[in-house]
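What follows is one structure encoded as structure tokens, with my remarks underneath.
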Amino acid sequence: MRPTRAEVNLAHLRHNLRVLERGLTGATKPQIWGVLKADAYGHGAPAVARTLERAGIPGLCVALLEEAIELRDAGIRLPILVMGGYYGPRRDGFEEIIARDLVPVVYDAGQIERLASVVRLEQRGRVGVHLKVDTGMGRLGAASSEIEAVLATLAKHPEVKLDGLMTHLACADADDLGVTIEQMRLFGEIEQRAKSFGLTPRVRHASNSAAMLRLPAALLDIVRPGVALFGISPCAGLAPDLKPVIRVRSEIVALRTIAKGDRIGYGHTWQASRESVVATVPMGYADGLSRQLSNRGAALVRGQRAPIAGAVSMDLTMLDVTDVPGARLGDEVVFLGTQDGPLGRGTISAEEIAGLTGTIAWEVLTSISRRVPRFYREP
């Protein structure tokens, strides 16, 4: 078996939950529902969900019905909100929702009609839904021009109960919070329109990680942190006590000394400027190591940075370890996270990788592929 793996520190996950809980102030603290979409941001949703459930979190959120089913099959009993709102054009998606006791998000009249017909057919009494409204994101959610028809459809189907009202904030991590404040104003207007139809949601929610850390007015009844649970602050300087949860490591499987002027890798994009020692490591872009790190990124060996030499391949990556004294076969190589070694202590963060590859830390985490096995630590 190759030595490449992702180590998930569940103690850090619990720590981050407590940090976020402590940051919620006021007479009525909102509930934290953890967002575990995309396999819990690459950390492994079942194990993360079990840890959060034991830690007392009151609910979870996912994007897809398939993600919710995976958690139910793993034995998770918490309420699970299916935020994507796509259940297929027929009724079978809603049948799964009801059978597995999930909380559906809806945003158009057709969804409500289909769900109501399933509830009547299965004689389930009432099923609670969360209505998503679009206040400025422009993706999913009932738009202002549609909201009257959607609310009227809900009002005429008593078997579908408006349990929650939600929206998604587009710019909560921006320097200027003007857009977010306007979204919250529109959300308040829609809540009042719902009440005019006799619909009063039990809970309201809008805050993602950035909003819950920056805008107390957006906290409402539930907050939905995602990336912050995994130790990534959505805004520089916010929540400095968060701890990264995942660490990606491998080992040196080959060492080679090459002459000055030799070229290596696909396209021969790296040329030795001196006699050099090159280490080969069994991790590549198929594992989530971005090809954009070719000749730009680095890894940690013996606690010291070693530059990536040449193009990142599908399964393998080469490092220039000429300046890493004592590098040898079997040495640990860390591509993401912290390493303590005989030459010092080093850290490569998801934010650093994102900066080098022109993306965001969210993508760095979710790009770690499933062929990289997750190992869970309880220090």
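Using the three backbone atoms N, Cα and C, a Cβ is placed for every residue, glycine included.
Fair warning: this is a prediction, and the values are worked out from it, not measured in the lab.
These come from Swiss-Prot:
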- K37: active site, proton acceptor (ACT_SITE)
- Y266: active site, proton acceptor (ACT_SITE)
- R139, M314: substrate binding site (BINDING)
- K37: N6-(pyridoxal phosphate)lysine (MOD_RES)
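This view paints the features noted in Swiss-Prot onto the structure.
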residue	record	DSSP (3 states)
K37	active site, proton acceptor	helix
R139	substrate binding site	coil
Y266	active site, proton acceptor	helix
M314	substrate binding site	coil
Report task. From the recorded positions R139, Y266, M314, pick the residue whose C-alpha lies nearest to the C-alpha of K37 (active site, proton acceptor). Result -> R139
Query raised in the report: Do you know which of the recorded positions K37, R139, Y266, M314 has the most other C-beta atoms within 10 angstroms of its C-beta?
Result: K37
Query raised in the report: At the level of the C-alpha atoms, what whole-angstrom distance separates R139 (substrate binding site) and Y266 (active site, proton acceptor)?
Result: 40
Requested in this report: To the nearest whole angstrom, state the Cα distance for the pair M314 (substrate binding site) and Y266 (active site, proton acceptor).
Outcome: 11
